[in-house]
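Peer 1: Have a look at this one before I ask anything.
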């Protein structure tokens, strides 16, 4: 016995200290540990023979009698003895409880033996027999006694931590799951032979079938002590064979039956169309897989039908998105919401992915679902991904997709099911990827609060419970384990180990292979032989053939007697594969990926027909093709792995997959599988195939890189989150179960059961390594982890941190291709590649003939070899050696990815070496050097390619493109090919670039690029899109000043593209810059545009800064007015420093003033001081306050109305598009608060409006908006008011309020300011402000915005954990998305409602009043939303809750910064871009908007300082750093819209000639700026002559445009006069292009649809908001409209199309799909009435009566929200009229009656369903009497008398669906009765009160009769503009 045990011990000792030592350590991960499996038989024999280990079948009654007297006292004594011995550290009481628990857990005595063996070791193995034999007696006695008292007898001094030994006894069993036992080398102190994890499970799980874990094959430590029962061992001279018999089929369980497909719903029935029933496993899994959403782990043998289980899970997910009344009824239609979900199937290999795509695609095609492969070989476009519901991918590819923060976030958001196939590859090197994916998915589920189901498919696992826990599977529901007994065709497994030295082992493998194949063929079976290279398939087949002949068994290979032999022979004869033809004669075939597809299919067909008996193939056949055989044989297990640069063992995945091909259930009841390996690997394969070793984690191998991925993604932002993240990995599961494997001592696990310290140690070390490599910023004090560009790039391109370390040292700003290739060669990705002596000769040849770049290292080194083979690959050199070919492919695959990473790193460092790196990257992709001719990238015939290279190489592409086809033909000496060459030249993607330079300041330049594609698009070569890089390079070629990406597609290739950006320029100014446009994929497709800076004039705008003086704060008593002091005293007692400084100038002088100061510094007080002075000194004058936005107007009206109006006894009025006060109210007002456009429109008629002439003070708030598109209006207002003042001799004081600007001098000069200029620094604030600018990478907007949410949450926790926070976003959608993510982050906090400060009762009451769903969801978490899409009440609730500190966070659009004064301690500007449909992309916000947002940071009455965080795109950080502190120069926008404003002045008579216009311009701000910065505006120089020429040209162009629009006409050579159209344009405040378009397209008989079209085409809708993807919404709405938007001939993304659609949607009363469209509809309806009125006037001018009536009808329809055919029914809400006639009859009958009478008449009417609405509409309907008379030949008199009272004093019509109240109005038309020509038109309205404030019910109208219509028969029509009301009177006009 000692000798045999020593054999075992000595054999184990040979494995080394890593697997066998005195210290606690495990060898579970060691490859050599697998040899334990081979010793299992030996150990069994030793234990049984010498240790009397009992087999339960051998225990007899007499044996039991011998032990009958053993009781608990005996057991107690035994435990005491064991505890006192030195072989265990266990306390007696603990050991006693563990033994009892083991006895209670199972009746399986073999299992009890193994448990006790682990507990007490081999030293006490004799006691085990006694305990096992007396187990029933011991348990019975134990159950009858008090276990606590028994335990107390064992050890007086022992007390468990839990307070009871019983509890600790159970705890011991649990702890033993992860506590290894020591193995001592001392014979005198022997412990158990086997160490490792104890997986002692007492629970019985409902779906574990055939688990032998507690039987005699699997031990409590998760490893087998012995091979399965019945295993045999055969020892031959040349090899050893272990035969594992196939498992017996699992017997049918009670009640078990196969599930019939016919009993399922339609989804399953049609998907499993060819099935009658599911198989056993599928039937058992079905209730959970299809009926629930549980996570699942299905462990079952290969070939058991797991793929169909995955399909069931897919169908369950799909069913959640299917609309059907009854899924059991096939006649019911199915509507699948395909865009709402994604399913991801993760396959271990690309070949399997392709197979899954084919299978799933066919099965689910009937549902219209698309299945696509997304792997390294199969890339998908964004559109393809959007169209795909089921993505089949590999772990690495899905890792790449999900780790990109700027990836397709919508893809990740829509994933609802992740299926992981072959999850047992966790133990493989690639297992770390699976762990990373599962952890990321589970954390995404938690943060997003959206369920993502995870389904794992696996072969049978020894520790499947660990994997189930890792996948988040409920053990009692989603865990399914099926032993090999459930395999459809049980497999007998043969493990053969070839003996001998390395020189002869291959020969012995051949011998063993032949022996087994011969036996199988003799038995009449087919066999598939798997080898590991294409070449070996042929060699093995030929070797076998020779052996058959040598042994005289060649007759067995004769297949000529097969019935289909002749047909097969004919097919084979057509093949060009010589080996295939030759081997076919001997019933042998070959199959590998190097064969033609037709030959592979032929081989598969012949084998399936049985004609081929032997098939030699590679593993690709096992993965890619379902071709089973009775027997499979793996010949050899060594294959070349280029990633490691050496031969490695065949992976268990491949072995199991190949073994899975054994067996054809339809033909045989069993199968056989062989694996032939070397003898030293035999035990390894026995272990892994028979599941003897538990699956361990390999996550630590990739921990550093995976941590970097999570930090870069933004899901891990500090060490605590990293520790939490590690808790989701399989590593964490296994560290707790088997700690010693991972270097964790038992005591450490006891003290820290959750391993928090160990996890913190692991992530801290990993974070330190990342920080050392400049990949992240690691703040060790607070644990923050902040990603850096280098880390993001490494994560996105799957670059490991060792390579990054190399790059940090070797990457330079200037590098040649040779330098870059040398750098690539040293990357760690290639460190495993070895240089072998047998390759040197070929490498030398390749270096000499195919390596144009000089080598830095010897080919005997790894880097030298990589260098050569990479260059050879680019040169398309042929490589002979097999391993060298594999290495070349591996290097090529990785080099492209690494060079892309290098390119981005170089760009992030602004290094010009980026160009060279990009060029090399394209060379690798194209396999062509940059010095070769670009045309070679096309598929040129070989002879033509040679001629192009030889003849065209010296000519540039520009020269070639200028040549004719004939010249090109002559050049290449082949005239026929001239057109071909010309065609290819035209397809090379090149760009033309025109550059405009716009100096902003003395060191900042704006470049505007007009880019025009200069090539012909060909889908074959260009695909769907082409990417270009636009670089701005300095004159030295060393630095990239700026870079942009430009994406072209076939749709926009024919249009020009504008790019605008700013760059810093150095001092002294460089002579030129280079604009370089480079194709992302095409070599030689480069355009270099030099830009000279010699003519650029940078004016030094000396910015006058007003220093803040050290003054004593001025008390409010300085006002010397008790009323004003009382107003101020409610808020403060002293003016602040800024107010103190400007107080005297504003309050005691009449000089014009400019106050430039940051938001929040008290500028409003300047307006109040000036107002008080104006009203005091000029009491009859008016003050006009002009704010740029309606929101600001409303804020000012609310503020001053509350504070000033009543105390001062003054009146104030609001003038905006939302309010229309009558003239009397405006005339009586002291203060007018209005918008620029409204005041501009009013002052255009200043001569007829006395209140305009009475203005003494005009306040221009936010005057820095001069530079915006609305700025010209401000210029015109100031210029016009100055003109009015000069005409009336009344001075108008101007006060301009602004943020600090960089060119305040120009503003002061324009405003005629001398002593009143106050331009304070940005830092001058009552509350100091800290500003942080954070850059975020990525070009895609939405993913970038999403990546900002986690940093925003962290910023709140850092800067303002309890104080108010204001988050500004760019759109309404972003408010919702941001709130959603913040809520998810709150959910992960200890207190999810940390931002809420009100009780539940108050919250419920408030939420009940909220309408918006997103706001309802956000408020309970202390987050409010604010945007224009909310109702007024919702906005008010959000504002009040935030101001009153009931909620801490307010997420708002940028308009809130202007509109509502809601300061906060912390302001986060989340993105500085917004979507602009005009450019079809995202545009930067005005800097003034950003400054306004920042101004909301800091609360003067609460905060000592404020904090602002600006989140911007990384490339824009420098821009904001510069201008946020220096101020942005204010430029003019007037030159872009000069024509419209000149038209207004011409219409009013202010201008009548070009010189007058020139003189008028001198009064504008534009005139001053064009002299200061002429190049910015397009002047040729900075001298006066150039500027005058520019201005003259500008004015002449404007006049010409107005003439084209018929707005002006030339009176004589110099003088111009306005036309009626020009006056209409001015009066209605329209663009002249609107009227031009109308006049050009309108026809006399135009119908309603054309009227609607021309309305939508108005230029006023040019700026209607278009958001991302709204074209898709437009398409859907358009389908429901009466008139299609196709009539506009514009793309669906166009603003005019949207206006057309919204206008109709309003009339059709459609429910709009998004809230944004509701607000947009209001915006459109704000404009339409004004435009329609102008169209009516123009139509009247043209004499088109029909058109006038059409537009009046359109106006009625818009107000009543209906089409013309529904106008009567729409005008009578509450009436269910069946026709228009019926509605009209009601109207004629009931309109104008009194309210009481109507209620009485209609109360019982069955057609009335809403009597209140109906009555309101009827009583508001005007009932009139009209009299027409002619007082003279040129006058027509009309008398209109209203017979009923209006609904209200303002004569508002009943139009509940129109957004604003509409007053009742009428059109009076005089129309020729015969020709229908319109002679005259007049508006009339009863609205407007009399002087005595009574309402007016009668009108007298006098109309001029044109001479042309006298003595004509005319009809006078009075048409209501809001109701379908027409009065007609015919009259013959007198002469």
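Each residue, glycine too, has its Cβ placed from N, Cα and C.
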Peer 1: Looking at 421-424, 425-428, 429-432, 433-436, which one is motif 'DEVH box' according to Swiss-Prot?
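Peer 2: Of 421-424, 425-428, 429-432, 433-436, Swiss-Prot gives motif 'DEVH box' for 421-424.
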Peer 1: Select from 1261-1264, 1265-1268, 1269-1272, 1273-1276 the stretch of residues annotated by Swiss-Prot as motif 'DEIH box'.
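Peer 2: In Swiss-Prot, the motif 'DEIH box' feature sits at 1261-1264.
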Peer 1: Counting by DSSP secondary structure, give me helix, strand and coil numbers for the motif 'DEVH box' (421-424).
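Peer 2: Per-class counts: 2 helix, 0 strand, 2 coil.
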Peer 1: I'd like to know the mean pLDDT over the motif 'DEIH box' (1261-1264).
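Peer 2: A mean pLDDT of 87 is what the predicted model shows over the motif 'DEIH box' (1261-1264).
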Peer 1: Answer with yes or no whether the domain 'Helicase C-terminal 2' (1351-1546) touches the domain 'SEC63 1' (787-1093) by the criterion of at least three Cβ pairs under 8 A, sequence separation 6 or more.
Peer 2: yes
Peer 1: Let me know how many other Cβ atoms fall within 10 Å of the Cβ of residue 300 (ATP binding site).
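Peer 2: Here the count is 26.
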Peer 1: What residues, ordered by sequence, lie under 8 A Cβ-to-Cβ from residue 1163 (ATP binding site) and sit at least six positions away in the same chain?
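Peer 2: Counting only residues 6 or more apart in sequence, the Cβ neighbours of residue 1163 (ATP binding site) under 8 Å are 1138, 1155, 1157, 1297.
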Peer 1: Using DSSP, what is the helix/strand/coil residue split across the motif 'DEIH box' (1261-1264)?
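Peer 2: For that range the per-state counts are 2 helix, 0 strand, 2 coil.
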Peer 1: If you count Cβ atoms within 10 Å of each one, which of the binding-site residues 302, 1159, 1161 comes out on top?
Peer 2: 1161
Peer 1: Taking 10 A as the limit, how many CB atoms besides its own sit near the CB of residue 1157 (ATP binding site)?
Peer 2: 27
Peer 1: Under a three-state reduction of DSSP output, how is residue 1161 (ATP binding site) classified: helix, strand, or coil?
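Peer 2: Going by the DSSP assignment, residue 1161 (ATP binding site) belongs to neither helix nor strand, so it counts as coil.
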Peer 1: Using Cβ atoms only, which residues of the same chain lie under 8 Å from residue 306 (ATP binding site) while being at least 6 residues apart in sequence?
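Peer 2: Counting only residues 6 or more apart in sequence, the Cβ neighbours of residue 306 (ATP binding site) under 8 Å are 281, 298, 300, 421, 457.
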